[in-house]
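Trainee: Shown below is the structure under consideration.
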Amino acid sequence: MEKLVINGGKRLFGKVEISGAKNAAVAILPAAIMASSSISVIDNIPDIEDVQCLERIMEHLGCKIIRQANSVTIDSTSINSVNANTDDVRNMRASYYLIGALLGRFKKAKVDLPGGCPIGVRPIDQHIKGFEALGAKVTIEHGAAIVTAEKLVGANVYFDVVSVGATINVMLAAALAEGTTILENVAKEPHVVDVANFLNTMGANIKGAGTDIIRIVGVSELKGCNYSVIPDQIEAGTYMIAAAACGGEVTVTNIIPKHMESISAKLIEVGVEVVENEDSLTIISDRNLKAVNVKTLPYPGFPTDIQQPMSTLLCIANGRSIINESIWESRFKHVDELKKMGAVVKVEGRTAIIDGVEKLTGAVIRATDLRAGAAMIIAGLVAEGTTEVHCIEHIDRGYPNIEDKFKLLGADIRRVKVEEC
Ligand code: EPZ
């Protein structure tokens with residue numbers, strides 16, 4: 001076990017290079033399973049625990065995987081099992097993409113139900129609805145989803161809720177179905193578009209990703225390909241918010257500014273200067289921050305995954321901010337930790353009412369989930385004195401080299417071994 005020790009109060013200056021998008025990578029890796037010939041070489045894969053977890057699962061299924069720096073080579077022609085039943089499968093969320101990928105290629109899959117961050121009930125009913133519409137039989141037995149089909153046939157699916165996971169999972173299976181599938185009320189997140197682009201590079205015929213309707217004309221085979229994952233919108237947003245909160249001037253590089261619009265707009269509202277360049281954004285902050293209201297929404301709205309870091313920033317903004325979390329019903333567990341540092345926050349259901357304070361003070365706190373962990377680091381960076389962030393294995397699931405990246409910006413942060421979380 002490890003913890004982060006942060007001596008707060010330093011302004012941040014310099015450049016931070018953003019890695020490949022976690023939530024694209026964790027879908028693209030399982031999608032690579034669908035290649036029945038040729039290898040795939042995927043670049044800009046972030047070096048995070050969730051990716052390592054998926055690589056182990058795919059090796060367990062018989063894939064050959066070689067990792068070199070940020071590039072992963074996958075030979076999925078040697079797969080010899082459709083039964084994903086290891087601890088890794090149960091511990092992470094994105095393992096559910098194995099269902100769509102294995103179903104598409106082999107017309108059967110047995111995948112243990114996924115885990116992931118404790119941010120609310122995380123059903124997969126919309127995934128199942130989509131698989132069944134394509135002709136699959138789905139049962140849940142002994143903690144696993146068992147999905148089989150004689151053949152998959154294109155269908156119309158109208159999702160009851162906008163779901164990133166269901167959109168991608170059903171798109172995976174439909175890519176190798178017979179005929180045309182129309183998916184409506186789909187998620188439009190950049191990672192949904194990235195997975196569609198990856199599948200099209202493998203030979204799929206998918207149009208409309210990034211809009212409300214995706215049209216998929218099934219093909220009989222997908223092949224391995226070369227691909228590069230998009231930059232991580234949420235990692236970039238985390239560093240932007242850290243810069244805004246600490247004060248200073250930070251440029252996030254290797255990003256797609258268009259993907260950052262909802263976050264940039266909110267930071268400008270807070271009183272921060274955001275300068276847009278071709279593939280970077282510069283945040284200039286004098287720490288004179290104004291309270292704002294935030295409502296999380298599916299893309300292109302303000303992302304739920306950046307809500308927790310944003311809540312730390314609003315703890316030190318002048319006035320009362322109100323955050324409404326519309327995606328997950330329990331994504332405010334980090335608030336109790338912020339309160340230990342002097343934050344004044346009241347949570348009522350899916351709403352957090354934040355009365356800004358002049359300063360936070362260092363404390364021993366813990367990361368209750370991945371993005372809560374990012375929020376805790378930002379709190380430690382702005383706080384007076386020393387903060388210890390425990391349970392950082394949550395953070396390592398989704399942020400590559402986080403303390404090194406912050407150190408390069410001038411933060412006083414170090415990783416230390418501990419006996420237990
Ligand atoms: C993805 O989770 C992300 N995870 C989450 O990021 C992110 O918070 C979420 O999308 C929303 O953007 C990955 O991509 C691996 P959803 P996912 O299906 O796909 C309800 C992070 O911090 N729903 O879009 O599991 C659900 O309860 C993680 O990186 C159903 O009702 O989320 C939620 O209220 C945390 N039935 C809403 O839809 C379903 O079948 C959105 O969930 C599926 C979802």
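We number each residue from 1, going along the chain as drawn.
Even glycines carry a Cβ here, placed using N, Cα and C.
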Trainee: Let me know which member of ASP75, ASP305, ASP355 TrEMBL also records as binding UDP-N-acetyl-alpha-D-glucosamine at the site of ARG93, ARG122, PRO123, ILE124, ASP125, GLN126, ILE327.
Mentor: ASP305
Trainee: Among LYS22, ARG93, ARG122, all listed as binding-site residues, which has the most CB atoms within 10 Å of its CB?
Mentor: LYS22
Trainee: Between the two most separated Cα atoms in ARG93, ARG122, PRO123, ILE124, ASP125, GLN126, ASP305, ILE327, the residues recorded as binding UDP-N-acetyl-alpha-D-glucosamine, what distance in Å do you get?
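Mentor: The span, Cα to Cα at its widest, is 22 Å.
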Trainee: My understanding is the cutoff is Cβ-Cβ under 8 Å with a sequence separation of 6 or more in the same chain; which residues meet that for PRO123 (UDP-N-acetyl-alpha-D-glucosamine binding site)?
Mentor: none
Trainee: Express the distance between the Cα positions of CYS117 (active site, proton donor) and ARG93 (UDP-N-acetyl-alpha-D-glucosamine binding site) as a whole number of Å.
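Mentor: ARG93 (UDP-N-acetyl-alpha-D-glucosamine binding site) has its Cα 8 Å from the Cα of CYS117 (active site, proton donor).
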Trainee: Cβ-Cβ under 8 Å from ILE124 (UDP-N-acetyl-alpha-D-glucosamine binding site), same chain, 6 or more residues apart: which ones?
Mentor: TYR96, LEU113, PRO114, ALA145, GLY165, ALA166
Trainee: Tell me, how many other CB atoms lie within 10 A of the CB of CYS117 (active site, proton donor), whichever protein chain they belong to?
Mentor: 21
Trainee: Can you tell me how many other Cβ atoms are located within 10 Å of the Cβ belonging to GLN126 (UDP-N-acetyl-alpha-D-glucosamine binding site)?
Mentor: 20
